[in-house]
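If you look up TrEMBL, you'll see Asp425 marked as active site, 4-aspartylphosphate intermediate. Here TrEMBL flags Asp425, Thr427, Asp849, Asp853 as Mg(2+) binding site. The domain 'P-type ATPase N-terminal' annotation in TrEMBL covers 44-105. Taken from TrEMBL, the feature domain 'P-type ATPase C-terminal' covers 875-979. Per TrEMBL, the feature transmembrane segment maps to 301-322, 354-377, 910-927, 939-959, 990-1014, 1020-1039, 1060-1079.
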Amino acid sequence: MAGGERKRRRRKLQLSKLFTLSSAKACFKPAHSQIGRTGFSRVVYCNQPESADYCDNYVRTTKYTPASFLPKSLFEQFRRVANFYFLVVGILSFTPLAPYTAVSAIVPLTFVILATMVKEGVEDWRRKQQDIEVNGRKVGVHQGNGHFDLKEWKTLRVGDILKVEKNDFFPADLVLLSSSYEDAVCYVETMNLDGETNLKLKQGLEVTMSLREEVDFRDFEAFIKCEDPNANLYSFVGTMELKGEKHPLSPQQLLLRGSKLRNTEYIYGAVIFTGPDTKVVQNSTEPPSKRSMIERKMDKIIYLMFLMVVSLAFLGAILFGITTREDYQNGVMTRWYLKPDDSTVFFDPQRAPLAAVCHFLSALMLNSYFIPISLYVSIEIVKVLQSIFINKDIHMYYEEADKPALARTSNLNEELGQVGTVLSDKTGTLTCNSMEFIKCSIAGRAYGCGVTEVEMAVGNGIEYAVAAEPVVKGFNFRDERIMNGNWVKETDANVIQKFFRLLAVCHTVIPEVNEDTGKISYEAESPDEAAFVIAARELGFEFFIRTQTTVSVRELDVVTGGRVERMYKVLNVLEFSSARKRMSVIVRDEDGKLLLLCKGADSVMFERLSGNGREYEEETRDHVNEYADAGLRTLILAYRELDEREYEVFTERISEAKSSVSADREALIDEVTEKIEKDLVLLGATAVEDKLQNGVPNCIDKLAQAGIKIWVLTGDKMETAINIGFACSLLRRDMKQIIINLETPEIQQLEKSGEKDVIAEALKENVLRQITNGKVQLKASGGNSKAFALIIDGKSLAYALEDDMKYIFLELATGCASVICCRSSPKQKALVTRLVKTGSGQTTLAIGDGANDVGMLQEADIGVGISGVEGMQAVMSSDIAIAQFRYLERLLLVHGHWCYRRISKMICYFFYKNITFGFTLFLYEAYTSFSTTPAYNDWYLSLYSVLFSSLPVICLGIFDQDVSARFCLKFPVLYQEAFNHQGKPAGRDIFGGTMYTCVVWVVSLQMVLTISYFTVIQHLVVWGSVVVWYLFLTVYGSLPPRVSTDAYMVFLEALAPAPAYWITTLFVVMATMMPYFIFSAIQMQFFPMSHGTIKLLKYEDQCNDPGELELVRQASVRPALVGFTARIEAIKRSVMRSRQTGP
């Protein structure tokens, strides 16, 4: 019952009337004249979904469909050059040219292809399961006769009328019809789309405001014409025809899929775009087929190996042709054992050239063992198991939300060890969308003893009295001078009272009173707003009631010392916008005074102060700079008293501006507000901490030490992004900020006049000039990128990304230590990612948590989704999902480092063992006058890669560790290292068995020398492979001759009893191992890499020696330019300079 009363009380608030600048009045604009033409041809019959023939609302993120899986997956497999080569060899094996049976060639290839396809199918099925979860969510849909039933999202059709409840996501793009409020307004959280934390106020048309109950839709019919599906999130043009009248539709009525309903009990809306037609999906791209850099390089190595195979086959063919032509001497065949008399072509001396061609083809097949057919499938197996280790890593498990890391694809594991640039979203990725009031400056005096995360990071050794976790969410302020009513004892108590009174009144927050406990909670458009109101309450100014036109506050009376209730009549709210950078309210207090209360960014507020209102300006500016250094978000608070005549003039002019239907309506409103928001009296400044996720500064610092650059791409405004840059140490005060934007007064004036083409050209020239000036500054500094940070807004970025300018922009950006792109659309995020990927040649990693990050995640070499509060769209489009940004440190520095080294070693070892094996075949072929007679039994050939040499190398790829996880994190420099790195002739069966034994021993012992970290499993598989070979020789040789053929009793009767067999094996193994062993010893002793140095330190128990650790850190080829370590170094340099210049 209490909840129902509260709901009815809230519904009585007609919030649109509070906002002077809200676009409640619908008006036709020039764009509406395009309705019905190309690009504006969509027709929607509201409440009649069967009348429209558009796509359904099913959204998929899978790479394959049931129909495309087989052809697309086969294409993926055979675009790998090795697989294609073995396919050709397999086809040729069915011809008489083959030196071995067709089965021995086809079976391994089939196994490799099927294993990889199964792995791809399993990974895509996981994506399918997530798609099923999202598409299976339910929402209320009008079924006729005024009844709404729950239906799955995927069943929605264009024209359906939906009822969306509070805190639910919109399942499609809707036109807002009405809401739980009488004037059809609702709050929408678009953080999932554009990264903005402040809520957007949407409002339905006046003609549909009355549709507030389900039964009202029984006979509702409307006809909507609007723009066709497009990717622009911030524009919408359409008309609604209802009861014979046309009404204009604008973005004010558009509710986008992926955004969330907040602070509103429910809304009713009509579906206009579904599934692939929705704007958020239009901003995404098809899931790409990503291949790692190592895999692409591996293809080049295979091309080289193929060239070597062709060369060997060509050489053998020439020599074979010469030998065959000279085979017939004095009527006798010198190579009688090849039975040339029975041959038709292969050994016919009369047709030696043709025999040489046939030999060339046979040799191509025989020498195919130089190319490791099991390489790809072995790498696939290793990557899957590596992914399981990533998924099971307890150090990347977020217990609070019960979310482990999830490698959604295993194709890119080794890419994690080669990342050069991280492109990160801000909201929900770096921050946790939680603001805390922590400090303030009032009347030129600083208050607040709290310590920010940045201050703790920079302190690094300084003892701070760190406050405990705040008892009240949003309030982390500690200062006894003004807490508990002590502010009345301060010298400037009058100013302090006005300061907190402004915080309690100047906002659009809605209070909710719990009827059972009496406690008040607040629902605000942004976390900042809520933090301010909570701070005012905790310091004695409790906002507790909002009516249609009043705000009530309980505050401490300075005279009596008791609590009194004061009511302020709200006359106008001049709302915040990114252009205005401020918000004001005009109120009348109980004494009849007219007050304009204003809060905003320092860049616009100080210039609006009156001559006698600047008493505390100098001190306040100093405090604001200190707060910015501490990573805090600041606002300036000021006020002025209005006289009646001035307010009457303002009311008259603002009414005229709001009633205008011209295209410059917004400009007229801005002009009126500019005239009244002036001559202000400064009160002070607030400082709130936009709470970073736990461990973000430390993670960024470690990544910077590892040589990884970090770009922030956010849809948030520039000031917010800069504050976060300071908070996470991407920016610091001694950095020179190169700011590129088009929000200057000159540009805004230019946009109000002239033709669009002329304006666009002028804006482009302006951006180019700013970029060029930035490059000049960078060059003048001598390339010292430590001193520069690039900050660019979305409008400028649109021009900077054009083909004739993007590489100039990239050159400037890569020369800076930090890059922050503000007001970036999802498309721009993807384009920036593509530019960095293609222009710099570095491996890029994009990380984000919202639907607005999907394009960026898919465009990057590696897409990492944050499985936070933003739904599942980013995770579903990512390659790897983690719960917190801080886990990126372990993902890259530990798993990335290990996976890269493991895969690199594994590939090198695979080619080593196959080249070793292949040359024994080639040398034996040369010994047999290039007759393409294989040295080994067919099953020896088939099982070499599968049974006798693959398991050890697979274990190397899974378990090997050059250094432990602790040292990977302790020494980020490790991440920077790349891998830039005569007797009686025996029979063929005996000779082949001896060579094969030597090969097995050599490749196994080479594995022993390669492994850095032994486990029991590795010992079992390495030595087990040797044992299995001897068991195979014994068992297979004991089978009847019709099965074992030329391997019959070879080991038991010929090899094992012969001392020469064992001596030869020992000599060959030692001779082949010695060069690598000597090389490794010399490198470790005299030219060690960082991981080698660390292993020596660990062996000598010097891992905690500060001097030794500093030597390792100095080995970094790319010193950290950002992070709190860089900040500390900058402070040290500053102190040293001040000492040198001192007396």
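Using N, Cα and C of the backbone, Cβ positions are placed for all residues, glycine too.
Keep in mind that TrEMBL annotations are predicted by a computer and have not been checked by a curator.
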Cβ pairs under 8 Å between the transmembrane segment (910-927) and the transmembrane segment (301-322), at least three: yes
Number of Cβ atoms other than its own within 10 Å, given for Asp849 (Mg(2+) binding site): 31
Annotated stretches the transmembrane segment (1060-1079) and the transmembrane segment (301-322) touching (3 or more Cβ pairs under 8 Å): no
Lowest local Cβ density among Asp425, Asp853, which the record lists as recorded positions, within 10 Å: Asp425
Local confidence of the prediction over the domain 'P-type ATPase C-terminal' (875-979), expressed as mean pLDDT: 80
Tally of residues which DSSP labels helix, strand or coil - the domain 'P-type ATPase C-terminal' (875-979): 75 helix, 3 strand, 27 coil
Between Asp853 (Mg(2+) binding site) and the residue listed as 'active site, 4-aspartylphosphate intermediate', the C-alpha gap once rounded to whole angstrom: 7
Secondary structure composition of the domain 'P-type ATPase N-terminal' (44-105) [DSSP: H/G/I, E/B, coil]: 29 helix, 3 strand, 30 coil
Local Cβ density at Thr427 (Mg(2+) binding site) - other Cβ atoms counted within 10 Å: 27
Integer Å distance between the CA atoms belonging to Asp849 (Mg(2+) binding site) and the residue listed as 'active site, 4-aspartylphosphate intermediate': 8
